[in-house]
There are 2 protein chains.
Amino acid sequence: MAKSLPVSPLAPPRFPDLPQIAGVRFASVEAGVRYKGRRDVMLAALQPGTAIAGTFTRSATRSAPVLDCQAKLGRANGDGAAILVNAGNANAFTGTRGVEAVEDVTASVARELGIAQDRVFTSSTGVIGELLNAERITCRLAELHGGLTADGIADAARAIMTTDTFPKGATAEVTLPGGTVKIAGIAKGSGMIAPDMATMLVYIFTDAEVPQPLLQQMLSDLTDRTFNCITVDSDTSTSDTLILAATGASGVAVGESEGPFCDALHGVMLDLAQQVVRDGEGATKFVEIQVSGAASPSDAKTHAMAIANSPLVKTAIAGQDPNWGRVVMAIGKSGAAADRDLLSIWFGDTLIAEKGWVSPEYQEADAAAHMKEQNILIRVDLGLGDGSATVWTCDLTHGYIDINADYRS
Amino acid sequence: MAKSLPVSPLAPPRFPDLPQIAGVRFASVEAGVRYKGRRDVMLAALQPGTAIAGTFTRSATRSAPVLDCQAKLGRANGDGAAILVNAGNANAFTGTRGVEAVEDVTASVARELGIAQDRVFTSSTGVIGELLNAERITCRLAELHGGLTADGIADAARAIMTTDTFPKGATAEVTLPGGTVKIAGIAKGSGMIAPDMATMLVYIFTDAEVPQPLLQQMLSDLTDRTFNCITVDSDTSTSDTLILAATGASGVAVGESEGPFCDALHGVMLDLAQQVVRDGEGATKFVEIQVSGAASPSDAKTHAMAIANSPLVKTAIAGQDPNWGRVVMAIGKSGAAADRDLLSIWFGDTLIAEKGWVSPEYQEADAAAHMKEQNILIRVDLGLGDGSATVWTCDLTHGYIDINADYRS
């Protein structure tokens with residue numbers, strides 16, 4: 001069982017006021033899947049015509065619910081739809097009985113709500129390798145159905161937490177030629193103390209009317225610039241799931257040219273992604289890494305991720321040490337193109353290194369002052385081309401070891 | 001300056017008795033490059049005809065001495081040769097003045113010993129981004145020259161340490177049709193508490209007579225099975241250097257078919273590589289990861305390294321937690337081919353998972369008992385093909401954070 005952790009020092013001051021999204025209702029219950037005395041199952045019911053898009057972990061050992069969701073994406077929107085999520089058990093690496101549990105739950109939800117089974121999407125997060133007792137969920141479906149309410153999203157955000165230290169939500173409103181639409185999303189991750197990897201689940205809802213192929217395209221593009229640009233510890237879950245549902249209830253259509261909707265969705269996704277980093281296991285610093293001047297955008301991201309995932313860079317940040325030598329090391333090992341003698345490195349606004357050596361004006365006191373802040377910026381210019389990328393991470397502290405080593409499941 | 005660390009609990013009981021290798025003599029001095037009160041510069045002088053082979057870091061930001069060594073490899077053996085190593089300053093990311101320092105040192109050594117400058121190889125290990133004061137080394141060359149002795153290798157092993165907690169040596173003797181030859185090697189790494197990456201330096205000497213191209217081929221092949229199969233924290237140094245010198249002084253020639261010599265050299269290299277892991281920063285467990293049944297040998301190594309580098313696997317080992325779910329996760333994220341339902345996993349001799357789920361006979365107490373040992377074995381079979389690989393690593397503990405975050409340079 002989980003022991004309770006102090007709320008991350010990087011948490012936002014409070015959970016945001018999320019608006020009701022027309023066409024979606026939420027319910028959550030204490031089903032006792034693993035945790036006691038807290039909500040651990042949430043249901044979202046979506047009106048007929050809702051378009052659903054998703055992105056998922058690329059793990060070769062992905063969980064049964066992930067495989068089931070992937071198989072169902074892109075089907076016709078005519079019917080209503082549902083998303084059911086449980087916390088406490090990931091239903092991953094559970095063989096054919098794991099597949100049967102997904103089948104049980106999705107069939108039962110379809111029956112309860114009177115919708116097609118291939119419009120029921122599930123996620124499971126928590127311990128892996130243990131069987132999911134589907135009955136603990138299916139026996140509560142009538143109660144969940146009866147409890148569906150348009151303002152249940154905040155409780156839903158809490159029901160999907162495993163050992164997150166705070167619930168995560170974000171919202172946006174955008175005015176289009178046809179009217180105003182709303183977006184609201186919730187996420188969980190990355191503060192696990194159960195004996196598993198940091199799984200990430202994200203659900204975003206909008207009352208905009210968006211054709212499913214366009215919705216999927218937007219989601220995939222924006223995922224590459226948001227959730228695929230964060231890292232806590234370089235370990236990838238078997239269960240990562242991001243589902244975006246557009247109910248169309250506003251009657252406002254989003255066409256291919258609707259940049260403002262895309263921008264608003266980007267803002268919600270980036271906010272949620274950064275909240276996941278802010279709840280990184282043991283995190284005390286929020287770190288943005290900007291790379292420019294790379295030979296290509298993918299080289300820029302490779303360098304940025306090499307810096308963000310380096311244990312030596314992350315421990316230096318934890319120690320408030322402006323250790324730019326470790327940034328040089330991470331760039332050197334990344335495998336992407338770099339020329340030592342064209343590199344420039346800044347910590348905050350302080351230029352530290354240029355032309356292959358420390359800058360003549362560099363005063364360590366300036367960089368050291370920046371390292372004492374809670375939000376750290378590391379900026380690198382490769383001097384090779386136009387490729388750029390920005391990623392976000394946190395530091396590596398004793399808290400990470402406490403959570404993942406000292407605590408035995 | 002370094003604070004002193006307790007000797008690793010994984011250290012061998014004592015430094016081995018290394019034999020004299022005919023054709024090579026050693027000297028070391030307290031030059032005060034950075035450390036006080038200890039030897040920090042070593043010189044090895046090699047007789048004319050010595051063949052020299054080397055492997056080096058692939059970092060794009062490699063240090064000036066590494067680039068200089070790489071440029072010199074493969075030249076004619078006629079002249080004598082020398083290896084000079086300093087600890088305390090890595091001469092990495094030091095621009096043109098770093099290149100000048102290498103030029104100063106190698107020219108001075110060549111002049112002192114009366115050999116060609118392109119037969120002088122240097123390494124520097126320690127702080128990066130600070131200028132190497134070459135004069136602290138060059139002013140001691142006469143003393144080093146005068147102090148050369150055939151039995152100086154143990155002092156040399158100590159002189160190249162940075163914050164290693166023990167000196168590292170290994171030896172072998174092998175009888176060939178033409179007579180008996182000896183091999184002796186020394187290494188440093190990976191217990192840095194200076195503000196840098198864990199650099200690794202290795203020097204191996206033999207009195208066998210081996211043509212340089214064959215020596216280089218043997219070294220490169222064996223490096224892939226030894227030093228390229230260890231990891232402490234996934235971070236790659238700017239300075240990693242491995243030099244193998246064959247003096248030929250035994251008069252015993254090693255031809256292409258000399259398997260026994262290759263096996264003996266493999267044994268010395270593996271021993272030194274494993275000693276580096278045993279001195280991994282904060283290590284309390286020595287971990288062997290065996291992967292079999294992969295689609296190819298390179299897939300096997302990719303899986304093995306993904307497991308060995310996973311912070312979640314490494315913290316679970318530190319916590320003595322038989323957390324096989326994290327091994328599944330690491331295989332899933334590695335990018336190499338895997339089929340969840342064909343995977344088998346053992347901790348020690350205990351079969352934990354097979355056919356995509358926990359084995360019916362598995363008792364957690366068996367695996368938990370193995371995790372309490374100091375030497376941990378994780379074995380994975382992919383069930384896909386004949387590819388196999390073995391790699392070695394250590395656990396991730398509070399000690400790693402202490403060394404790299406809490407200690408400020």
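Using N, Cα and C of the backbone, Cβ positions are placed for all residues, glycine too.
Automated prediction, rather than curation, is the source of TrEMBL annotations.
Taken from TrEMBL, the feature active site, nucleophile applies to A:Thr199. Taken from TrEMBL, the feature substrate binding site applies to A:Thr162, A:Lys188, A:Thr199, A:Glu281, A:Asn404, A:Ser409.
Taking the features listed in TrEMBL, we show where each one sits on the structure.
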residue  : record                 : DSSP class
A:Thr162 : substrate binding site : coil
A:Lys188 : substrate binding site : strand
A:Glu281 : substrate binding site : coil
A:Asn404 : substrate binding site : helix
Chain B contacts among the binding-site residues A:Thr162, A:Lys188, A:Glu281 (Cβ under 8 Å): none
Most Cβ neighbours inside 10 Å, all chains, among the binding-site residues A:Thr162, A:Asn404: A:Asn404
